[in-house]
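What TrEMBL records for this protein:
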- 1-21: signal peptide (SIGNAL)
- 24-318: domain 'Plant heme peroxidase family profile' (DOMAIN)
- C34-C114: disulfide bond (DISULFID)
- R61: site 'Transition state stabilizer' (SITE)
- H65: active site, proton acceptor (ACT_SITE)
- D66, V69, G71, D73, S75, E87: Ca(2+) 1 binding site (BINDING)
- C67-C72: disulfide bond (DISULFID)
- C121-C314: disulfide bond (DISULFID)
- P163: substrate binding site (BINDING)
- H193: heme b binding site (BINDING)
- T194, D239, D246: Ca(2+) 2 binding site (BINDING)
- C200-C226: disulfide bond (DISULFID)
Amino acid sequence: MVSRSFLFLHVFIMFSLAVIAFSDLSDDFYEDVCPEALPTIKRVVEDAIQKERRMGASLIRLHFHDCFVNGCDASILLEQTATIVSEKTARANNNFARGFEVIDKIKSEVDKACGRPVVSCADILAVAARDSVVALRGPTWEVKLGRRDSTTASRTTANNDIPTPLMDLPALINNFKNQGLDEEDLVALSGGHTLGFAQCFTFRDRIYNETNNINSTFASQRQANCPRSGGDSNLASLDPTAALFDSKYFSNLVSKKGLLHSDQALFSGGETDDLVKTYSTNLGTFSKDFAESMIMMGTIKPLTGNQGQIRVNCRKVN
């Protein structure tokens with residue numbers, strides 16, 4: 001009985017802390033201190049995507065990989081130092097995460113517009129992700145703001161907590177559960193793969209060694225640009241329209257044409273099959289759920305109030 005009461009108290013405290021952190025964020029956080037902040041971010045993001053459509057997916061991925069490592073605190077942006085082991089060198093980010101120079105540009109322009117550093121790098125990541133989705137004809141949402149920036153990073157946590165392309169469905173569900181996200185969040189956020197590309201080494205095993213849950217013609221087509229050895233960085237689109245926010249990612253899964261093992265795991269006879277089917281034929285439902293899940297992900301363990309700092313340079317601690 002004592003242990004049961006203790007467990008209930010622990011769960012209650014964790015839930016209360018999550019609610020408190022969420023309540024410290026607001027969608028009008030910069031309305032008075034710098035009303036030009038959000039329009040400035042939007043302008044720089046749109047310019048970057050106009051120059052390179054792939055950049056939208058890269059900015060979304062930065063926000064995702066940031067939030068899954070000790071919360072949405074811009075730790076992914078910190079460079080290696082004598083005291084910081086950069087998350088940029090983690091398996092999921094090394095030679096893969098990109099868009100850092102766009103974040104630098106946003107930070108410079110926002111600080112200029114505001115007259116001083118008042119907008120955190122963590123908030124810049126969250127807003128840039130939203131603006132990227134919108135620029136690629138996806139849904140919009142009100143981003144909760146007021147995050148502050150971390151003073152440290154963790155490559156070990158990044159290696160452990162960012163989901164890998166080799167995960168099966170139970171592992172994915174557990175990975176998202178550890179972040180306070182449920183199965184609907186898992187499927188909706190995985191739909192972010194309606195945008196962008198993956199490197200050959202992340203899907204080589206799937207197209208050469210999997211047979212039960214992959215379309216053979218699709219596998220052969222991908223093998224043409226992804227040899228059994230070499231060509232590790234060769235790119236393939238995650239869905240047929242890599243620069244357009246649509247539901248073809250899910251249509252691909254239903255047709256057994258998911259590029260990554262972790263993508264196809266969402267439609268493999270498990271409990272997420274029905275939702276994948278729904279999204280494959282209903283862009284409106286997917287868009288709505290994606291926006292809601294992005295809001296949820298953006299509130300994972302934020303630093304607020306006097307925690308952390310507002311970095312002057314997103315790449316290093318003040």
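Yeah, the Cβs are placed from backbone N, Cα and C, and that goes for glycine too.
Please treat TrEMBL annotations as automatic predictions, because they have not gone through curation.
Structure coloured by features recorded in TrEMBL.
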{"residue": "H65", "record": "active site, proton acceptor", "Cβ contacts under 8 Å, 6 or more apart": "I76, E87, A92, N93, A97, A158, I162"}
{"residue": "V69", "record": "Ca(2+) 1 binding site", "Cβ contacts under 8 Å, 6 or more apart": "S75, I76, E87, A153, S154, T157, A158, D161, I162"}
{"residue": "G71", "record": "Ca(2+) 1 binding site", "Cβ contacts under 8 Å, 6 or more apart": "I300, K301, P302, L303"}
{"residue": "C121", "record": "disulfide bond", "Cβ contacts under 8 Å, 6 or more apart": "A74, L77, I103, K107, D149, R311, C314"}
{"residue": "H193", "record": "heme b binding site", "Cβ contacts under 8 Å, 6 or more apart": "L238, D239, Y249, L259, L260, D263"}
{"residue": "T194", "record": "Ca(2+) 2 binding site", "Cβ contacts under 8 Å, 6 or more apart": "L238, D239, T241, L244, F245, D246, S247, K248, Y249"}
{"residue": "C200", "record": "disulfide bond", "Cβ contacts under 8 Å, 6 or more apart": "N225, C226, P227, G231, D232, S233, N234, L235, A236"}
Can you list the residues of the same chain, besides T194, D239, D246, whose Cβ falls within 8 Å of the Ca(2+) 2 site's Cβ centroid? G191, H193, L195, L238, P240, T241, A242, L244, F245, S247, K248, Y249, F250
Same chain only, sequence gap of 6 or more: which residues have a CB within under 8 Å of the CB of D73 (Ca(2+) 1 binding site)? D66, A122, R147, R148, D149, S150, K301, P302, L303, G308
Inter-residue Cα distance where the pair is R61 (site 'Transition state stabilizer') and C67 (disulfide bond), in Å: 10
What is the separation, in Å, between the Cα atoms of C72 (disulfide bond) and R61 (site 'Transition state stabilizer')? 12
What Cα-Cα separation, expressed in whole Å, is found between R61 (site 'Transition state stabilizer') and P163 (substrate binding site)? 12
Go through D66, E87, D239, D246, our binding-site residues, and report the one whose Cβ sees the most other Cβ atoms within 10 Å. D66
Separation of alpha carbons, P163 (substrate binding site) and C114 (disulfide bond) (Å): 36
List the same-chain residues at least 6 positions away in sequence whose Cβ sits under 8 Å from the Cβ of P163 (substrate binding site), in sequence order, or say none. F68, A171, L172, N175, F176, S262
For C34 (disulfide bond), nearby residues of its own chain (Cβ under 8 Å, 6 or more apart in sequence): V110, A113, C114, G115, V118, V119
Can you list, in sequence order, the residues of the same chain other than D66, V69, G71, D73, S75, E87 whose CB lies within 8 Å of the CB centroid of the Ca(2+) 1 site? H65, C67, F68, N70, C72, A74, I76, S150, A153, S154, A158
Number of Cβ atoms other than its own within 10 Å, given for C67 (disulfide bond): 30
S75 (Ca(2+) 1 binding site): tally of other CB atoms within 10 A of its CB: 28
